[in-house]
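Worksheet: the structure to be examined is printed underneath.
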Amino acid sequence: MSFIFKFIATFVRKMLELLQFGGKTLTHTLSIYVKTNTGKTLTVNLEPQWDIKNVKELVAPQLGLQPDDLKIIFAGKELSDATTIEQCDLGQQSVLHAIRLRPPVQRQKIQSATLEEEEPSLSDEASKPLNETLLDLQLESEERLNITDEERVRAKAHFFVHCSQCDKLCNGKLRVRCALCKGGAFTVHRDPECWDDVLKSRRIPGHCESLEVACVDNAAGDPPFAEFFFKCAEHVSGGEKDFAAPLNLIKNNIKNVPCLACTDVSDTVLVFPCASQHVTCIDCFRHYCRSRLGERQFMPHPDFGYTLPCPAGCEHSFIEEIHHFKLLTREEYDRYQRFATEEYVLQAGGVLCPQPGCGMGLLVEPDCRKVTCQNGCGYVFCRNCLQGYHIGECLPEGTGASATNSCEYTVDPNRAAEARWDEASNVTIKVSTKPCPKCRTPTERDGGCMHMVCTRAGCGFEWCWVCQTEWTRDCMGAHWFG
């Protein structure tokens, strides 16, 4: 009955909008697809303030069912009736899964095939959408155990992706499906707690109801595993096959760590995969990539491809997900791909055509000195000296100026020691950090007034926390204590 009243109220409001704005309706209605495990797909318009009970009351009659016979699954969770649409992080043309509840006897058989400790239950936490319960994957286990309710709000998971459609760094949404049938009517037995849970296979089991016969992982009837993937949150969904590359090194700077290059404290940063977890802002990361690209200082890695390490020179710090380099411009990324291809040819014992404007990669026999650029410019050259092919010994190389590796991107060791994610404070940062306007040394403020004194030996600059300039009488009068 409550749904009928809400429906009438919504209809009246829409009519008033139509009369007031001459046909230009102002509405936040979401057009959503509802899929069943019997092959049906419905298109419904949902108001953000509606709850899941309203959705069931709208969908059930179209399926010839009662609302109590349905359950709604989204992003790995069975949603409770009290969950509202606006809590679910839905976008236009998102997909909800409406599954008919199985008879009690049938449900009992399915549940008995799963491990008792992994059996999902619809507790308050389990019935909330994944975006409401998932904590930031950068948090350590100890931080998760000791987190308070106030800290939990700030530590909700936030993801970044490179979207090929938007062609930029975008906010991302985590989604989940069955690893076997790729269906979205899948509920996880637990939330992911680290990036390995999300990026690696066979980490988190769950229950799949995408098909009329539930999926099982093996002949013993073990539950299937979840497959996580990401979508762009900044454009209309392209359906369940929509995908965006996750940039797992880019994070919200919840620890307020300064950039190791410019020392600014940015909201969004990249954390290198080294033991110290050095931090850089996105602009400085682009500058780092651009300068290394200009000098062809990217390195071939047997597992990760053409990549870069931490600029502080840390061991075991190569970037694994090369989609991070798509933060460069399109032209720069095309250049990166060309250099990567050329590097592969050279590593395989090949040569590059030296003719200006060509650069074709050529794989030739080890003892072959005369090389012809086939399928390219047709230039014939000497493999040893890369000059036009000749009879006899190669001419000695000229004494021209040799190339230098004077990189524009440099890292101060003192800054690198301060720009470490692993030594920053935990989830709530009650102590904020800003760089001294004179020497750029990060300075902490833990309450008190806005009059700051740089703690770096030899500096001692007095400055205003608000203005980030030299402390003056104006600062004293306007915001000494905030």
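Along the chain as shown, the residues are counted starting at 1.
Note that Cβ sites are derived from N, Cα and C of the backbone, with glycine treated the same way.
Note that the structure is predicted; figures quoted are calculated from it, not measured.
As annotated by Swiss-Prot, phosphoserine applies to S94. The Cβ of S94 (phosphoserine) lies under 8 Å from the Cβ of L30, I32, Y33, F74, S237, each on the same chain and at least six residues away in sequence.
The zinc finger feature in Swiss-Prot is assigned to 157-246 (among others); the stated evidence is similarity to another entry. Counted with DSSP, the zinc finger (157-246) comes out as 5 helix, 33 strand, 52 coil.
The region 'TRIAD supradomain' feature in Swiss-Prot is assigned to 255-482. Mean pLDDT across the region 'TRIAD supradomain' (255-482) comes to 81 in this model.
Residues or ranges marked as zinc finger in Swiss-Prot: 259-314 (among others).
For C274, H278, C310, C314, the entry in Swiss-Prot reads Zn(2+) 4 binding site. Annotation for C310 (Zn(2+) 4 binding site): same-chain Cβ neighbours under 8 Å, separated by at least 6 residues, are F272, P273, C274, S276, H278, S317.
Here Swiss-Prot flags 334-394 (among others) as zinc finger.
Summarising the annotation, Swiss-Prot assigns zinc finger to 432-473 (among others) and lists sequence analysis as the type of evidence.
According to Swiss-Prot, the feature zinc finger maps to 436-467 (among others).
Here the binding-site residues are C274, C314, and the one ringed by the most other CB atoms within 10 angstroms is C274.
The DSSP secondary structure for H278 (Zn(2+) 4 binding site) is strand. DSSP places the residues of the zinc finger (259-314) in helix, strand and coil in these numbers: 13 helix, 14 strand, 29 coil. In terms of DSSP secondary structure, the zinc finger (334-394) contains 14 helix, 11 strand, 36 coil. For H278 (Zn(2+) 4 binding site), the number of other Cβ atoms no farther than 10 Å from its own Cβ, over all displayed protein chains, is 28.
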